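This report refers to the structure that appears directly beneath it.
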């Protein structure tokens, strides 16, 4: 059997060289501490300006943006690793935060792509349950780790607030902004039984008549997420009961509980990989969809799109009459099964009866167990729209259709359990394994190397702007480490189906769970090993409020009308206000 070519995700060299060039530009604009002191006459030869006269002894500049103060050792910056650019100016540190943040975003993207390729080799059980959650949280964990390892104990105590800001910001962003956005883009009409109708969105932005529905397994994921806050509660007990001498013991107990919950969660995912099975089920359905659309093209029935870029109803009618073998103006289950068998999926182990049930359930809106011509045209038209929306490829009609079919087949192969695949079902396993390892190594390397510079840049930007570092890391850093997953979740939710909504929200709850166990375990390890002071009551309260409110709210129901997105959205500014009031008004920290 001829092997299909495996497409490389993104040219690694270009993606790695581009941010490196930005760093070189930053190096032209930013200066580290001189190796040897400048002679007095050399210092006066530098281009200097105080903004009013031609020269000043207070500052000097090498570039048009980044100005380095001189004469005060406390205001000079310390270059990370001794050679990376640093600065004490607002614009310069903002630029460095953006550059290092982009590099952390690329690290998260490489780790995500590499772990998905591992799914194709090892199957969803081990990889989906163990490696994927850990690799997804690795950039956040790396940033938290380096925030407490740098410098003296006093420096670590100051910078570890950045790690806490990232931990809180990442969790809050997932459960508020991302959760609410997925409700908005994934909303469908709600039926009389308060469940969403797949692919039907005719009621606009009705707060009560439109929304999303998930399955009961998704509510289980929300309950697990709510339980994962237990270590936060344990570590706060000495503060609650005014027992400061027991704080170090509470940190140790919370660390042990966090590790135990992490291992339990990963074991649960390995033994009960229902999220991966649901992905595989969805991938099989997409494969049937692409196979039927491709069948129209290969049978020369005509173009599925007309000259105006709309589904061609004339061609769809020709397909309907071809499938309608007994010519009774309706398609029965047996006729639909004959069509699916005729698709000849080759090595794909497709459940024919299950595929018939799904297509019949999606097309048969009259529920008479037959597909009428109007229902068939409407169903195929929705498939065509979804196929064209999901292919980010500009080309001819046939090229787009071929690309969609290849994408659906690759998605199926990637998610299919290895034990259920044929011996030759995985294409070029050695090459795919090499790519996966390369992406994982590259992503881990970038995250490890540039996590410390990013923390330093955020700390310096905080000093230059007098903005608390917590708020900078709370707002900005989660965008760098979680943006790729956020975009993927929004695209998935936009398909407007209960299956995709269930998978999207399950992964959101899973991401928050990993923050609460893996990232917290890293944070507690730093506090315990370096004998740091636990002084994060306001930040912990924010995490508890958001996780418990969203956990209880989402675990007790499976349908979420559009109005629920505003509950999630409002929790985000409320979190910022709560931290500010508790820390700077009531002096909790």
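Note: Cβ is positioned from N, Cα and C throughout, glycine not excepted.
All TrEMBL annotations are machine predictions without curation.
The feature transmembrane segment, as given by TrEMBL for the ranges 402-424, 471-493, sits at 471-493. If you count C-beta pairs under 8 angstroms between the transmembrane segment (471-493) and each of 82-105, 158-179, 249-271, 505-528, 560-582, the highest count goes to 158-179. The residues of the domain 'EF-hand' (311-346), classed with DSSP into helix (H, G, I), strand (E, B) and coil, number 21 helix, 3 strand, 12 coil. Counting Cβ pairs under 8 Å that are 6 or more residues apart, the transmembrane segment (158-179) and the transmembrane segment (432-451) reach fewer than 3 and are not in contact. Between the transmembrane segment (505-528) and the listed ranges 82-105, 249-271, 432-451, 534-553, 560-582, the one holding the most Cβ pairs under 8 Å is 249-271. Among the stretches 82-105, 432-451, 534-553, the one making the largest number of Cβ pairs under 8 Å with the transmembrane segment (560-582) is 534-553.
Note on the domain 'EF-hand' (311-346): mean pLDDT across this stretch is 81.
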